[in-house]
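Working notes for the structure below.
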Amino acid sequence: MAGQAFRKFLPLFDRVLVERSAAETVTKGGIMLPEKSQGKVLQATVVAVGSGGKGKGGEIQPVSVKVGDKVLLPEYGGTKVVLDDKDYFLFRDGDILGKYVD
């Protein structure tokens, strides 16, 4: 993570701030892909998390991901947040589809 602009932003409640991974621009065979054929990037790295949302009994439910986790995002959704000319996306914890495990 080159910049630290996301440190100026703290998500509230069950929100998660992510930085999308870069799209593949070259195939394994060395062929350059045009932008239209690259597809939408659904992988991201978590850069900040909120404190959690309220459960049914009023207790705070912690967010299910932590900073540094690699996650799978839905194709649509999220709120674009621009910090120091860099694009980040804000999702609810429940909207994140999964977490990659090493």
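Every residue gets a Cβ built from N, Cα and C, even glycine.
Pulled from Swiss-Prot:
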type    : residues : note
MOD_RES : Ala2     : N-acetylalanine
MOD_RES : Lys8     : N6-acetyllysine
MOD_RES : Lys40    : N6-succinyllysine
MOD_RES : Lys40    : N6-malonyllysine
MOD_RES : Lys54    : N6-succinyllysine
MOD_RES : Lys56    : N6-succinyllysine
MOD_RES : Lys56    : N6-acetyllysine
MOD_RES : Lys66    : N6-acetyllysine
MOD_RES : Lys70    : N6-acetyllysine
MOD_RES : Lys80    : N6-acetyllysine
MOD_RES : Lys86    : N6-succinyllysine
MOD_RES : Lys86    : N6-acetyllysine
Modified residues compared (Lys54, Lys66, Lys80) - the one with the fewest other Cβ atoms within 10 Å: Lys80
Cα-Cα distance linking Lys8 (N6-acetyllysine) and Lys66 (N6-acetyllysine), given in Å to the nearest integer: 17
Where Lys80 (N6-acetyllysine) falls in three-state DSSP terms: strand
Pairwise Cα distance for Lys70 (N6-acetyllysine)/Lys86 (N6-succinyllysine) [Å, integer]: 19
Cα distance (Å, whole number) from Lys80 (N6-acetyllysine) to Lys54 (N6-succinyllysine): 24
Lowest local Cβ density among Lys8, Lys70, which the record lists as modified residues, within 10 Å: Lys8
Candidate modified residues Lys8, Lys80, Lys86, pick with smallest Cα gap to Lys56 (N6-succinyllysine): Lys80
Lys80 (N6-acetyllysine) to Lys8 (N6-acetyllysine) - Cα separation in whole Å: 15
Per-residue Cβ crowding (10 Å cut-off), top of modified residues Lys56, Lys86: Lys86
Lys86 (N6-succinyllysine) to Lys8 (N6-acetyllysine) - Cα separation in whole Å: 13
